[in-house]
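To start, the structure itself, in structure tokens.
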Amino acid sequence: MLLAWLLLGRCHAWDTAKPSKSDPLWDLTSCSIEVLEEGDWKRRFLKEFHLKRPALLRWGPGPLTRRTERQALMRDFGHLEVRVGSGFLFNVQGQPDEELPLADFIGSMPSDKYLFDFGEFMESSGLASNWTLPPLLAELGTYDNSSVPLRFALGSVGQGLAFHSHEDSYHLQLHGRKRWGIYAPAKMTPTGVLQSEDYAAWLRGRRTGADFVPPQWECITEPGDLLYVPEGFQHATACLGDSVAVVQHARAASHGTAVFQRRTAVQAIKEGQQKEALRRAKRACQLDPSNAEMWLTRGQVHQGRSDYAKQMAKYLERGLRANPLCATSRFHLLMAYNTLGDRDKTQRLIAETQTLGPELVRAVDLLVSKRAELCAATTVVLVCPEVASWRNFQNFSAFFQKRLEGGQAWRSEGVRVVAFHPAYTRCTALPEVLDVSLPGGESMKAQPLRLAGFDARGALVEVQPLASPGQTLTVPLPGAGVRDLQESAWKDLALRAPRPALHLLRQADLDQAFYDLGDRMFTDAIFVRNERIARELGDDWAKEMLLRCETPEVQAGDASSASSVDGCPPRVNLQGFEVFWCDVDHVTAGLLEAEGLTVRCFQTPEQLLEAFQQWPSTVLGILTSMMERGGRRERGEMNAFDLFSAVSKVTQARRPALGLISLSADREAAIAAGADFVVYGDRVRAQQQLLRRMQEKLGQERLSSFWADAAWAVDARHVGCYTGGKVAFCESSNLLGCLCEEELHLVDAALKVPTRRVSQEGDGVLTFAIDHLGLNACTSHRSGLLRHFTLGETITLARSWRGHEQVVADVSFDATGALVATGSVDRTAKVWDFQGYFCTHNFKGHAGIVTLARFHPTRLQLVTIADTEARLWDLESSQCVGIMKDHLASISSMCFGQVKGRHFELVTSGRDQVVNVWNIQGQCSLVRSIPVFESVEGVAAVPSKLLRQQCKERTVFRGAFADWLRQAKEPPAFVIFTVGNKGVIRAWNPLDGKCVATHASPHAAKGELRQILSLDSATGTKMVTIGEDLNLMMWSLPEFEVFSHIMGHNDEIVHVQLIPQITWPEEMDDAASGPATADRFVCIANDEHPRVVNCEGFGAAMLRGHKDVVISCDVSVDGAWIATGGKDQIIHIWSAASCELGKCHASLWLEACTCSGHAGDVSALSFAKRRPRSLRAASQQETLPMLLVSASQDKTMKIWEIPSAKELDKVLGSGTKVKKAKATVIAHSKEVNDVLVSPNNKLIATGGQDKLVRIWSFPEGDLLGECKGHRRGVWCVAFSPIDQVVASASGDTTIRLWNLKDFRAIRSFQGHGSAVLRVAFLGNGMQLMSSAVDGLVKLWHIRTAECAGTFEEHSSKVWCIDICGDRMVSGGADSKICVWRDSTEEMEKQRQDEKAELAIKDSRIAMLVREGKVEAALTLALDLKRPGQMRQILLDHTMDMVGRSMFLKVEQEGQEAAEASPAAGKRKGPKKNGKRNKLAAENKANGVNGDEAEADSIDLRRWVLSLSAEQLERLVELLEQWNSNRRMAPMAQMLFAMLLLSVPGSKLKAMEGMNATCANVLSYASRHMSRVDSLLQKTFLFDLILQTGQGLAPQESEGDSSEALKRTMAVLLGEEEVEDDQEEAEAEDELADEPPEDDDTEEEKETKGQAKRRKTQ
């Protein structure tokens, strides 16, 4: 009874092991983890313990405690299958190794197995429903029973898990006791922990050594204890007797922890974001440097790079220093050393591993064996008997290849796909595919090949090992043909193994699935785990996958299509597009979704049309079944025909494919309504048809400009023509001379563009003068030299000479251009004869630097100015005839005013705020001194006679100046205009000294002026002012208005915006407009005056109104209105029409509207962007108020409602004010950098310095969502014109594309080296253009995230770009404005022309060879860089000549031998020109005359001499390459010899790099010579064989064998050279006169032959 009672108790209770004092497992006496009561848990947990240190809570028993008793588990759940294994397998393989019923496992306890369920048991048993989260853990929100399974742990004494780490977790001890050891991050013991060694073994054998650090926390959990383990803490467990527990992990890793950083890095590696992965991996290593897994991830970041193995070894070595017992790190380090070929380090690492214990060796060996098994090339054979045609067979195999290669594990483990079809695949090709090189090494052995076959449904057919790589695959096919296959047989094959790949191929996260499960794809365990999934899926999806490859045009069994594989167009990626489906019933669109298409279903055509109107360009296809039935319409007022008609009206760039599914529709009527196809009731066939139509549409677009622009070219560029200094004007040539960065730029005043440039390298221009005809220029340089340049179509330097001892400060021509005056820093002025370049006068007397020197207009006199003094010099007497000293400060400028005839007065102005008029006819006397009350920088005298006459004749001239001219009783002969530092242009009457008119400066930089010049000395109708902003304003008189603007120099170009022009057809008001074009753009150059600039010529109009620097602008969608904002916190609205050149009068410069309300700089503006679809809609829109969105550095965004266009036209000039915004929101927590309205006027996007992109509703201003992901501030946002995406450019050097549905990033464009400043979509919506601080403009393909082009036009940061149609404008910190045009079509045409030209030339080479013009063919092949054709020509012709000469020589020697023999009797007579006669006879026999034979011959020496210097360099380069090739070396040596003998040495010496070429040739020649020597020594074996080997040689007479030996050796040694005909004839004549050499013995002949061979050597 007692025994029975004990046995019964054993069956009902869990076993409690007896402690052992000698076992370290039981040596823990106290708990170092703080135990909290429930009240303390609520009060202190979040503050002191969460993510910081472990905590223990006495939770007590619950429902799970009762249901997990031994008897309850055996009774209720003993039949359930569970997976058990050792801790070693859990940590190395990631899965248990045995499956058995729970009752059997409990009955076997205690055992060496451990049950640690991953959620399957708790879910199948229903125990998870009995568990309720502790309230405080539930409040955290990181634990969720629905998404994170509750895990079940059951084990006996000593069993448990080794040290590991993961997310936040808690452990509830239900029964028994368990010992814990916990290390904090970065606190792991230096002696290390072995992840495959359970905690009990570690306690018994690893707690030794001086460096050992015990765990920071140790405890024993009792029944009812709840232990909290923070994220990333290394912990291990060991059961003290039978132990039952449940464990739950947090839903995701917490931000900021090492676990989170590592997992984010792994995800970034899979997504190809190397920079993000590197940053995350670095942070993980910093947070937990004692974890070897962190260093392993740090090395894996470099995957794909050439130095991957080196980087892996570097960081794995650091990881092993942190944890020497990490088996995974040791395994990967062995792999890295093996890849690097470092045998010594490999041996040391293996020896070190063996010293650390057998458990570590066992773990590394298991990993190595698994790697060797996976490295054996696995070939996946797709058995596709049900695919009916060759094209579909190709598509089907490509589909699987793409899916398999998408997984990380497949790419790394060498898995390969081979398609097999009984009708289209040769079985003999399989062994060739399978005969691949296998990776191997000392640490791993290549295993036999494994083959996996998939049938047409995707089911795994067979997995079998092969004994050798050449073994063929035997696939059990039921029939030989496609039609003979029986479906039942295929079902039997499919049932041999469930379909593990079928589920994976259907998921969206293919990469993640293959990355996690790829190395276990062909294991039995995965098959069993996916059995339920395989049963649920069935064959429906596999059938759809097969049907997706079928096309209705190709009939089943049509093997003839195999011949048209090359002509099959490539498949186009449809991912990202949408298909709209209107149907009453539920829609299953498996074929469409398999292509990556998003299918949206609608129940009524009205709903579909409304959605389509919002984003028409994203929809690629529309399917509908809505038709009339019985005279009524289904589910709405529209039917399919109405829908198709409405869609055709909406569509702009691309019309979607339209399909109709109906049983009763009239096909012709449907096609007339717009349908592309009609399918009678078959939804699967409709999907097939739609896919084909969409592929065709995108395929055609890909060939057109819609798909991709590949090239952009600079159409015009503005780099400035004036940076300060002198400006001169030549009236006869209408030429302005301006100094720009110490260069003289010649500007066409009419075209307003620089035409030529005068400069001297290394010697900057300081000042200049242009003669009256504009044909010559005299320049002064920093070196002190004067230079004469002729100003023709090309600038030519005529003469240089030294004029003064020091630098020349001013230069001027006289009225005839024969004399030049110079003033210098050496206080002298000189006059030069410009034709003879000699000095005629040297005037001394000034006490300071001579800053100005001007000739009198009509006399031989010179006026010079130095400081406050002016002197008049007479050239005839070479004397100073007048000194003028009435200025109290330095004189800044002077001019001559014509009084009458040849009588001129001198006008001087100075910084003493006085203008003096001097009479210089006799003695110099002051006529009048005019106080101007400002420091005068420039003065100009304009004749008034013609101006007064124009004012009287025409009353249209208005203004104070015109009125004064019209009303003045005694007008002066000239009027004086002055400019100065007060920013005002004044007109003065020299008679009374009164100011007659003033005009505010149109210049920026607060209007300060530097110079003023008269451009028309005779009439005085034009003048130019130069301001502090370095711009040139052209003025018209007597209007006294600016009529033109030349941008001399711009500061940094901070913003450009093209002004679109929309053209409307005149016939119909409701017709759609054509594409928008742009001829002008708004330019903001870091000053207070925006400019409206012409794209051609860069003529500009200034917009005056801002009081501070302008930094933002935008143009309305119709191009009628311009909005600007800046640091004055005010928004100005301008009429774009009034800013056209020629209309920019002062009255039209005033703004139409102003908006004030921001408290900071206005950083961005955006009008509503929806474009009117017709002229009628545009007219209606003009009557509606306009909406404008502004963003500011005060962190706010405002939406303004401004008056309509018609109302603004009424107040244009006077302006109106808007003081309050319609809506104001705090847009960002930092400055707002950009704002933009979407093309459909539904959304607003903003980007700020807080790294966020936010999406708002328009015009309400409600926040809809925000896009997070950038690591620096966002500089620019841009909406796609066709997709529901927005792009953002950030300071983190990336561009990101965001989905507007879920606000997640879908693309990242990386390529810029610094902050990206602007981004813009091209009109096709398929590409992006970006600019950055690195000075680059990049073109991107959106669908591939690849850079299509990089443009390096700018030398500094590119602040702005804007695109309109095929035109783009860019501006940057280098002050350069570039106008670009899309040159894709031109480049493509040019490329095609070049290809055609090359093809013509290639055919020309062949034609020249056929015509016998070999030398010309060689030259053409050399020019076209065709080394292969050159080689073939040389081989064909040179070898032909050598062979012909060898044949003739042998024949000649045979005749000579016959004549010299005793049987010949007497010697024949002499033969003159024997070989020539033979050749002539041969040509005659072949029907070839002498000229043709001469034409067919090739003289390489003559050909080499005919080459130009450039062709010779190309030939030498080619021969150098050939000489390094063993096969081509003889030909290269021959041509080198001819080249060195024929071309003069001086010509060869002049070639660039000839010394290095000769060194390379000699180096290779020595190798070739040593090889020839070795071959020559081996040829003596022939002598031995022929002399002694009677059995080997044919039986001939001694004379015949000797002659044969001679001929053989001559051929081998190359002694049969082609000599000159005359030399051969002379040699034959001499030979004929000599007696025959019959007395020599055979031995003597052989001795002579050997001597001859040695001489040749």
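Note that Cβ sites are derived from N, Cα and C of the backbone, with glycine treated the same way.
Bear in mind that TrEMBL entries carry predicted annotations, made automatically and left uncurated.
Residues or ranges marked as compositional bias 'Basic residues' in TrEMBL: 1465-1478. Summarising the annotation, TrEMBL assigns compositional bias 'Acidic residues' to 1614-1644. What TrEMBL records for 89-267 is domain 'JmjC'. As annotated by TrEMBL, region 'Disordered' applies to 1453-1488, 1592-1657. Under the heading repeat 'WD', TrEMBL lists 801-835, 843-883, 1103-1135, 1187-1210, 1225-1266, 1267-1308, 1309-1350, 1351-1390.
Under 8 Å from some Cβ of the repeat 'WD' (1225-1266) lie the Cβ atoms of residues 614-615, 1160, 1163-1171, 1187, 1189-1193, 1195-1197, 1199, 1272-1279, 1281, 1286, 1288, 1290, 1298, 1300, 1303, all in the same chain and six or more residues away from its ends. Tertiary proximity for the repeat 'WD' (1187-1210) is limited to same-chain residues at least six positions away from its ends with a CB under 8 Å from its CB atoms, namely 1114, 1120-1121, 1123, 1125, 1129, 1131, 1133, 1135, 1152-1153, 1155, 1157-1168, 1181, 1216, 1218, 1221-1235, 1237, 1244, 1246, 1248, 1256, 1258-1259, 1261. DSSP labels the residues of the repeat 'WD' (1187-1210) in these numbers: 6 helix, 13 strand, 5 coil. Same-chain residues lying 6 or more positions outside the repeat 'WD' (1351-1390) and placing a CB less than 8 Å from one of its CB atoms are 705, 708-720, 1049-1058, 1060, 1075-1078, 1081, 1083, 1085, 1093, 1095, 1098, 1314, 1317-1318, 1320-1323, 1329-1339. Sorting the repeat 'WD' (843-883) by DSSP state (H, G, I as helix; E, B as strand; all else coil) yields 0 helix, 23 strand, 18 coil. Break the repeat 'WD' (801-835) down by DSSP state and the numbers are 0 helix, 20 strand, 15 coil.
Averaged across the domain 'JmjC' (89-267), the predicted model reaches a pLDDT of 82. For the repeat 'WD' (1267-1308), the DSSP counts in helix, strand and coil order read 0 helix, 23 strand, 19 coil.
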